[in-house]
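Would you mind keeping the following structure in view while I ask a few things?
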Amino acid sequence: MQKGNVWVVDDDSSIRWVLERAITREGMLCRAFEHANDVLKALNSEQPDVLLSDIRMPDMDGLSLLKIIKEQYPTLPVIIMTAHSDLDAAVNAYQQGAFDYLPKPFDIDETLALIERAITHYREQKQPNNAENILQSVSDMIGEAPAMQEVYRIIGRLSRSSISVLINGESGTGKELVAHALHRHSPRALAPFIALNMAAIPKDLIESELFGHEKGAFTGASQVRQGRFEQANGGSLFLDEIGDMPLDIQTRLLRVLAEGQFYRVGGYAPVKVDVRIIAATHQDLEKRVNEGDFREDLYHRLNVIRIQLPPLRDRTEDIPSLARYFLQKTAKELGVETKSLHEQSLKTMMEYVWSGNVRQLENVCRWLTVMTASQEIMPQDLPSEIRLADEKAKNINRLTSQHWSQHLSLWADEALGEGKENILNDALPQFERTLLLSALAYTQGHKQDAARLLGWGRNTLTRKLKELGIEDY
């Protein structure tokens, strides 16, 4: 039995050649097309097991072709390829019935595995759901890293669902952006999206915030107040930092999820709601469950679908596009011309470890827009903590092969061999400078903390900064 019949349509001849060669090597038939209209003509006499289509082509684009195919050949799996990989492209493809979404440049082995899955799917005659067009919007989510592409895929696959989702990720990775995207690209898109941060509300107010209260329920309750559940009725409720929710509120939340109704604080009449829960946390909820700080049954109720957001250090290839976007966004907000990053500045930013992730990068871009005098952002314009980290990294790279004392010994031997004197006076300032820069980088520029780590007083550190020519402090 033939392994499969694969069609490829792409106006890029090199893409057609690479795919055709790889597919035929796997023992599958492959037919390549330059134009979408040629595919439609060929479908009148023959039907493949799977079609790979580029999204941007002359005459007819991939999404238009996909729409026609889903109307006339609903069981034919279509894989959408695009070099313009973003959330909207992925969601549009899934919503219109694509089998999967393949960002360029793609890995050939992964592509072949995807083709085989599509062929299996086709031969099992699994009828896909008809796609529904929903509200389209521009997203602030940016990223071409593989980890972000997987996030796009999940959002796309959930675009016809109202299932609960748990978003995991470090602080600043964009959990609320993902929650907004899940809502915008769902059947609830036109209904309210309500967000509540558990960590930002005093514990004694959380119950009233979530469920509302009746008049006279407690001192100061002068009128009936709707809680976030009622405000989100028909839409989505985003519970940020769910790991900080008190146990008694967890019990009430579990009951609402199970029964679809609740009682306001001080109330006796049940309030029915239809709400999709999207929860997020930077914590390890499984660990919280094991420690008795989070209900296991609630964890399983929320953890139906989990989205893991990558930290910025795992998607450094996205830093240039993110930085450009944030610089443009800030310039537009302030009504000024957009600044550009010098090549070395961008290199330094890509090598920096962004502990605050995307949020920290955005704040730095805001700072640069305001504080940089010239139109081009030079390395010396970067915040001191980034410049110090860069200098520290360079120093570490010089010492990777041997212990620092060995390098010092080699330097001393060379200096003495050259007849130099007073070498201690030459070495000590450099030694102090290295330790001082490391301490300042570690404390993010806090002089008092750096002085304590070095065993100095604050005045000594200030004097050393001046002696060693370390500025900006």
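Using the three backbone atoms N, Cα and C, a Cβ is placed for every residue, glycine included.
Remember, predicted model here, so these are calculated numbers, not experimental data.
The annotation DNA-binding region is assigned in Swiss-Prot to 447-466. Taken from Swiss-Prot, the feature ATP binding site covers 169-176, 232-241. Marked as domain 'Response regulatory' by Swiss-Prot on the basis of sequence analysis: 5-119. According to Swiss-Prot, the feature domain 'Sigma-54 factor interaction' maps to 141-370. If you look up Swiss-Prot, you'll see D54 marked as 4-aspartylphosphate.
So that I understand the layout, could you describe where these features sit and how close they are to other parts?
Tertiary neighbourhood of the DNA-binding region (447-466): same-chain residues 432, 435-436, 439-440, 473, selected by CB-CB distance under 8 Å and a gap of 6+ residues from either end.
Non-local neighbourhood of G169 (ATP binding site): K175, A280, H282, Q308, L309, P310, P311, each in the same chain, at least six residues away, with C-beta under 8 Å from its C-beta.
If you take every residue in the domain 'Response regulatory' (5-119) and average the pLDDT, you get 88.
In the three-state DSSP assignment, the secondary structure recorded for D54 (4-aspartylphosphate) is strand. The number of other Cβ atoms within 10 Å of the Cβ belonging to D54 (4-aspartylphosphate), over all protein chains shown, comes to 22.
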At the level of the C-alpha atoms, what whole-angstrom distance separates D54 (4-aspartylphosphate) and G172 (ATP binding site)?
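Distance between the two Cα atoms comes out at 33 Å.
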Given a separation of at least six residues and a C-beta threshold under 8 Å, show me what packs close to S236 (ATP binding site) in the same chain.
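Within the chain, S236 (ATP binding site) has Cβ neighbours under 8 Å at A179, L182, H183, S186, R188, A191, P192, F193, I194, V275, R276, I277, I278.
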In sequence order, which same-chain residues at least six apart have a C-beta under 8 angstroms from G172 (ATP binding site)?
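Same-chain residues close to G172 (ATP binding site) (Cβ under 8 Å, separated by 6 or more) are L312, W354, G356, N357, V358, R359, Q360.
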List nothing but the one residue from K175, N233, L239 whose Cβ has the fewest other Cβ atoms within 10 Å; the candidates are the binding-site residues.
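Counting other Cβ atoms within 10 Å of each of the binding-site residues K175, N233, L239 gives the minimum at N233.
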